[in-house]
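K.L.:
The structure's right below; bear with me while I get my questions together.
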């Protein structure tokens, strides 16, 4: 029998933290209102996010939106909103995701001040974040205190198994999605039953406009899929973890302080290379898509040279680290160029092109498709990358840092590296594998 009350006591904010959050939030809203009056700005401060909805976990942050009248031009709204943010957070920094905002701290509490437009139910959003105001109102109307604790349990569970967070770092479940799941299914265990008993795409709302792995329509915006950020891997991980928990319930599924197991590195008979690049100072939502482009470019290069990639991992620390594992340590001496089918209009062009080029065989047919073989200089994975990465775009910011790429060979590494820990880790589901036995 799981003692859910003990779990909640462990991760729910205590009275001291709640009082601190209340004091800071009251200061922010009062001060923001004063600034708006003093500068004749037609806007109101509105607390949003998990604290405003009462679904926050301990050590949380505060989100203050500055909601402007809808007749402001968007650029003016952003400029004035950022100005208010800097007044409230003198040491804050401007950040950009879908929308510019100011991020800073007061007394150890992280605070985001975000400009937006006022929005009522049924109105169209003007800026990307306007609907957040309605999310807060909707959740507070639909959830009572006990249900909000069910949201907290779901959040802790998802954090523990590595699927919480809609940001590009995780491609998982947002806090708002957790709240909607509890609103829809009543409690934490019912939500887990949903994940454990469904197969294929999880279409909670069957809307043919969306082809995402999971679909749940936003009740305040019928044109938005709240679950659009959930990747197939995150959905699959949640399904496995839900089955494991329901089969063998354990409080270990709610342990956010669990220390990661240091896996044993071992020779798999494969070629493992770690490519690192300087890390630009960017928000996760801007940085991580570029990291994934970097990894994809490395994998495509390995495929292009028939190196047979079989594994990969990423980690972000002082630099960005991408591990690529291939079956081969060196490329083939023969490279096969795949041409068009014989019955296509460009088949003759392919033949003519290669008849004037150096080759070891061909053009020749296999079935109805043309091929040409060329003799290639044999290269190691790192030689392939360093001589060819320039032809791939890996993102606006990382493209400028390609000259900082460094390579480490697995067989030469002494000590521990976190990206290797991730690669060799047995913690596929937050270290819970043993609980399924």
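Here the Cβ of each residue, glycine as well, is placed from N, Cα and C on the backbone.
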K.L.:
Swiss-Prot has 61, 63 binding Mg(2+). Which one of 14, 87, 107, 112 is in the same site?
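P.N.:
It is 112, as the record lists it for that site.
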K.L.:
Given that Swiss-Prot lists 50, 53, 135, 164 as binding CTP, which residue among 142, 155 does it place in the same site?
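P.N.:
Given 50, 53, 135, 164 bind CTP in Swiss-Prot, the matching entry from 142, 155 is 155.
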K.L.:
Considering Cα atoms only, can you say which of 50, 53, 135, 155, 164 is the nearest neighbour of residue 61 (Mg(2+) binding site) among these binding-site residues?
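P.N.:
Closest recorded candidate to residue 61 (Mg(2+) binding site) by Cα: 50.
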K.L.:
How many other Cβ atoms sit within 10 Å of the Cβ of residue 164 (ATP binding site)?
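P.N.:
Its Cβ has 23 other Cβ atoms within 10 Å.
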K.L.:
Would you mind reading off the Cα separation of residue 53 (ATP binding site) from residue 112 (Mg(2+) binding site), to the nearest angstrom?
P.N.:
16
K.L.:
Are there any residues in the same chain, six or more apart in sequence, whose C-beta is under 8 angstroms from the C-beta of residue 155 (ATP binding site), and if so which?
P.N.:
55, 57, 164, 175, 178
K.L.:
Where does residue 135 (ATP binding site) sit by DSSP, helix, strand or coil?
P.N.:
helix
